[in-house]
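Trainee: Mind looking over this structure? Questions follow.
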């Protein structure tokens, strides 16, 4: 019997949101790449909510775009409604969210994958990772074919030994009844990789024709849509948008749920996986927040060419008959016909502390991973990791320095650092509160933060890079001009201030000082500013933000300086933490478990105290000194 | 982190000799310029030569704190290789402490335990082969600081800070859940509500700061434990000491009274006195806990006052106490000297080397002798206590001040109608500063609070 043997540089396992970004990045960097999926028809599938972005997740999509990833471009082509959330709040928490046409999103991404040079799409189940002496050699598929390669990126999402459950019905399938991947877990365990089991869930889909929308509140998209991608022409996204609908659960819904709690697999112990607290099932909400007499329910279209509607806010794993009654108790859903049941899904994933911030396994050279497999949740979080894992899988082969994003420059950096450095007991979801430097990590400046990195990696074009530099220069020059342009308390000035209900000037000031007033802005001051250059809207936005929030931004920059100084103190990989005498026992064990790459990372591990860090610093200094002495001999 | 310039008291804290406050870091010279006054008008130490000595005064604005000698050691020719300034003052606990506080007010931060040594090492001033020794210093000092920061903090203050923190984190969690899920949670008009809460917190912190000024945040006097078997007259002694005019005992506003601990000044020496349950072998569970605590406190105490009931015989309980205090600094008070003495000074002298004083708590006799004795012991250096305690207090006061400033920023943001997300940034800083006082890191607190208190998510 002879089996196929093929040669590739990079193998990507899984073609969800992480896998697509990983494969595209690697192929675009010039490496021969193959992406495996259990079904080519399910490339970039959105098995849960029909939207991309939202609070902090929208930031991640923008960052993916600035680094040269695909998600932002793809949603710009396939969205059916778009909203900038939190517009009344500060610029750091403005978040873009778009409803996707799921089928179009998937189709469009598949087209991109299929037409990318160096990229092969292959339908097959990978059952074994081949490694020798802890170095990646290749993978083997269910049919016995071998694909030799130098790097593997695991993006298996929720497919490893997955099980879907509602009531007492359970089936060993992936989402949407797709085939699960049942063999890979064993292979990973054989490589010494620690596996854990997580759980998540999704609500029912309901036939649009059976919904009475007159009992619901219509939710519109923004009048002027902002694209996700920095390379999308804003004019191309001003489309006719679809609506979402808002309704509520009520006492009757809650009664039905309470009366049937004993039939929920979560409460009966049938589900063992750890579920996310931020994405609670409706039964969890009713139990935990018993004092609330209603919960919001968002009815969202799954696409333009389907009647299926997603019932946001009501994910569940209750039995079918209870689901039926429960959904029908909601205003507007009295006659609802369920197309797909709500279900919970359990799956194998890893404890991500086994990874370096490059997303390479500490123990296995050339093995990378991204997405839900790493214990995260959400399409955007998955894509962000997939991109970094794919980039690094390629950079490693090219012998270049791998990409590590830190907490002070991106949400993706926060995401990865949290995953690899902190205890993670549930699927990890991004939130703006997780980013300590969030004033700097805005969605509006993702390009300024990251496009240079994308260019250095090789995923951002020369042309894009040049226009970024141009933008930077324009912003800096204009801010300088505004800080230095004096303005007197002339009649013209006072009358404009009066119209804008702003306190009149007592003495001369600068244009920048005026922009700092909450009621004023760069645009409003135009009549007073004769020498103003012509600037694009995105440049003006940066000028406004940087001047208005100058004090806060400076404070954060100062914090970042301190952060960076610790981040830049690297810890040699060969350091044996267990042998450092002055460390407390708990610190030794934790440091040995996480093997941090820098003092900064070490300081974020729970159980490592400031005194331990001092000891580590002193030890490192001596260690370096001794190493140098040995070199000299 | 506000600054990287550190300061600490470099001498042992006692009421004699001189006190030295040491500053190290890039802002050292700027700080000394701001607080040093010479007789020569306009003299600036930053412009003086390195390794010179200067006579003058340390002032906080218009207030002159002390007459001092200042030593300048500019980097790299200093212990830490940074700019180092040493202020030699007249000594005395209060003055030295006040100078350190002034240095901190003008931009330094209290040094971490062992930080001067650490810097000296990291900047190559100490032979690199001595890493182990440096690590030992860090660990030893840190152990003490940890012990003192937790055990020295008064129970009521701990409770108060914990309570304030829970209010702060609740408000952050509310704002954050609204930012995270704006379609589920609305925070329209929240600023006004938050302002009320922030103003309350500011007043409470102000009270805490005042308490810190009066040394009532931590037990910074000589840790003194009164022991003795039941009915020996321990409590009457305490009442006597505390009830007199010389006692300074006040509650921290808004906190419950910590009945076990009292701060008093006796002959110019500050003592933190803990009354304990009488020591005797007991099967009564509640009392047993009390006895255990008495033993525990005695072990940690700087000074033990052992009260003997002279109207009864010494029994096995007394024997046990005498054993317990053998290795400790202690004074034996022979109480009830107004009654017929069954146990005499001579009998005790055979059993213990500690000083013995006859008193009558009931008739208020012998207290002056106790006072004199304590003074002698203190100024002769027989009883002293670790200066880290003072540093701890200053560090904690500094943290309360930081929390206060953060909340002031929140107030400012609300009044300037900044968007809500700006509030939570400074609220979080306040939460973290207060957490450091009670030795708690923020870690996942916020995320946990959001998920447990607010219903968000799809």
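Yeah, the Cβs are placed from backbone N, Cα and C, and that goes for glycine too.
TrEMBL entries are annotated by machine, without manual review.
As annotated by TrEMBL, FAD binding site applies to A:14, A:15, A:16, A:17, A:18, A:19. Taken from TrEMBL, the feature NAD(+) binding site covers A:275-289.
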Trainee: Could you tell me which of these binding-site residues, A:15, A:287, has the fewest other Cβ atoms within 10 Å of its Cβ?
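Mentor: Lowest Cβ count within 10 Å among the binding-site residues (A:15, A:287) is A:287.
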Trainee: Enumerate same-chain residues with a sequence separation of six or more from residue A:17 (FAD binding site) and a Cβ-Cβ distance below 8 A; give 'none' if the list is empty.
Mentor: A:44, A:71, A:371, A:379, A:380, A:382, A:383, A:386
Trainee: Using a Cβ-Cβ cut-off under 8 angstroms and a sequence gap of six or more, which residues of the chain neighbour residue A:281 (NAD(+) binding site)?
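Mentor: Correct list: A:201, A:266, A:275, A:315, A:316, A:317, A:344.
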Trainee: What three-state class does DSSP give residue A:279 (NAD(+) binding site)?
Mentor: coil
Trainee: Pop the Cα-Cα gap between residue A:279 (NAD(+) binding site) and residue A:15 (FAD binding site) into the table, whole Å please.
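Mentor: With the alpha carbons as reference points, the distance is 24 Å.
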Trainee: Select from A:16, A:18, A:277 the binding-site residues whose C-beta atom falls under 8 Å of at least one C-beta in chain B, and return them in sequence order or as 'none'.
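Mentor: Correct list, in sequence order: A:277.
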Trainee: Of A:18, A:279, which of the binding-site residues has the most Cβ neighbours inside 10 Å?
Mentor: A:18
Trainee: For the recorded FAD site formed by A:14, A:15, A:16, A:17, A:18, A:19, name the remaining residues of the chain with Cβ within 8 Å of the site's Cβ center, in chain order.
Mentor: A:12, A:20, A:21, A:22, A:37, A:44, A:155, A:157, A:370, A:371, A:382, A:386
Trainee: Including all protein chains shown, what's the count of other C-beta atoms within 10 A of the C-beta of residue A:277 (NAD(+) binding site)?
Mentor: 19
Trainee: Any same-chain residues 6+ apart from residue A:16 (FAD binding site) with CB under 8 Å of its CB? Would you list them in sequence order, or say none?
Mentor: A:44, A:45, A:155, A:157, A:371, A:372, A:379, A:382
Trainee: Do me a favour and check the Cα-Cα span between residue A:18 (FAD binding site) and residue A:283 (NAD(+) binding site); whole Å is fine.
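Mentor: The separation of the Cα atoms works out to 30 Å.
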Trainee: List the same-chain residues at least 6 positions away in sequence whose Cβ sits under 8 Å from the Cβ of residue A:289 (NAD(+) binding site), in sequence order, or say none.
Mentor: A:295
Trainee: If you run the three-state DSSP split on residue A:15 (FAD binding site), which class comes out?
Mentor: coil
